[in-house]
Every structure is written in structure tokens, then in C-alpha cells.
């Protein structure tokens, strides 16, 4: 499913979280929303999901403006940063939850639910944990169960809010590769939020760099890294040598000192 947002505005009191944001997310891509805390990336994700309402602008899913469509009916799967698994339910029951709360006319049979849950647990390689409770799982296992639960309702779009932020570095790196392989198998439109530059560069097809509610740059990981379009982007993506100055003719003036430097 393709996603388009147009001229999104969102304020919380005096704070502007999204300031006239317009983006296109082609079907089947894995896109990273990258930026520092407070840049608007999670707010954008929640507006797309229908968990927040924009003050102005449009969210279009598969050609339909969903401003009046509730989160439940947007065919979106959402994975929260801290998993939000039900502690009193087993792994199996957590994954089955979305299917069991569907309206009666849309709800699969119990046999179909069991088959679907076991299929998803095999997909995330945790079918052997079906009868355990969340408290008996590692952080990485909980995250994969949360993802299986989101996939159970067969969403057209998958949204992930800092999915690996609460994990240690080794597990985070392993799950990044796993998510990339899973996406390549499923080809579901996926948007994930991260403040980890390495994570975005390694996993995403495209990166959207956000800063103070504005889109700074959109491009492939290589384009964004090799050709930053603003001082913020190159400073945020890693250590860089910055030489302030101006191009004058075919020369360069740095810190007020002219040098006969040729510029192509």
C-alpha cells in the first residue's frame, strides 16, 4: 500500500511537532524516519496510524484520505517501542488477540486462528514459546512476538516505533538483520522510527531525516550519507570536518582568507 502525507501540521501547546510535512512512501518499501528526540518522527508515525490527529493536512492510504477513518479501520499494524504485550496472556494468546477481537462477521474460525498464529510464530522463529508468558521472554523475543501480533491482522502497512531501542547493542544488531530479511520475504510497506544512524543506514531502502518538525532530506542511505543537503544532515549522520566559506568565481574563501583553490 502506498502512503502519502500532505502539508501535515501538528502542535502540542506551543510546541510544533510537525510543520508542513509532505512525503510519499511507495508500496513495499522499508523506510526509516531518522532524527533526534523531539524532531517529530514518532508523531508522524502516530498520525499515519490514526493514534494522533493532525491539526491540518492529509494522510492518504492507497488513494483514500483517511482523516475520518479510525485507527482500527486503517489496516495498519503498529509495534510500540516497549512492546505493549499483555502480561496476563501467553505468547499464543497475544498473537491471536487481534484476530479474536474482530467483528463477528470478519472473525476467523478458532481453527483458522490457531493455524494463523502457529504460522506467524514459525515466521518469527518462536513457535516453541507459544505457551510462555511475556515475563518469561527476553527483550528480543518480546519484540518479535509484538511484531507477530501486528502481522496477525494482515495489515497493509507496518509501523514500528523505535523497535530495537530498548535492547542491548548485540541483540539490536541481530534483529536489524532479521527485520530486513523478514521485510524482503513479506514485501509489506514498512515505516520505522529510529534515532540510530547506523540502524537506518543498514536496514532501510530510504531514509527520511527529520529535524524540528521539518523534513531535512529524503533519499537512499547512500545518497543521504554521501550527499547531505544541509549542515544538520551531515553533522547528525556522523563526524565530519566542516570548513565554513564561500565560493567566489573558481576560488574558495575560507575564514576570510583567500586561496587560489580550483573548484570544479
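Think of each number as a place in line: the chain as shown, counted from 1.
Cβ atoms are placed via backbone N, Cα and C, with glycine included.
Quick look at what Swiss-Prot lists:
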type    : residues                       : note
BINDING : 35, 36, 37, 38, 39, 40, 41, 42 : ATP binding site
DOMAIN  : 3-237                          : domain 'ABC transporter'
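Compute the center of the Cβ atoms of 35, 36, 37, 38, 39, 40, 41, 42, which mark the site for ATP; besides them, the chain residues with Cβ within 8 Å of that center are 43, 195, 210, 211. Between the listed binding-site residues, namely 35, 38, 40, the fewest other CB atoms within 10 angstroms of a CB are found at 38. On its own chain, residue 36 (ATP binding site) has 195, 211, 236 as residues at least 6 apart in sequence with a Cβ closer than 8 Å to its own Cβ. The Cβ of residue 39 (ATP binding site) lies under 8 Å from the Cβ of 210, 211, 212, 213, each on the same chain and at least six residues away in sequence. Figure note: comparing Cβ neighbours within 10 Å for the binding-site residues 37, 42, the maximum is reached by 42.
Residue 41 (ATP binding site) is surrounded by 28 other CB atoms, counting those within 10 A of its CB over all protein chains shown.
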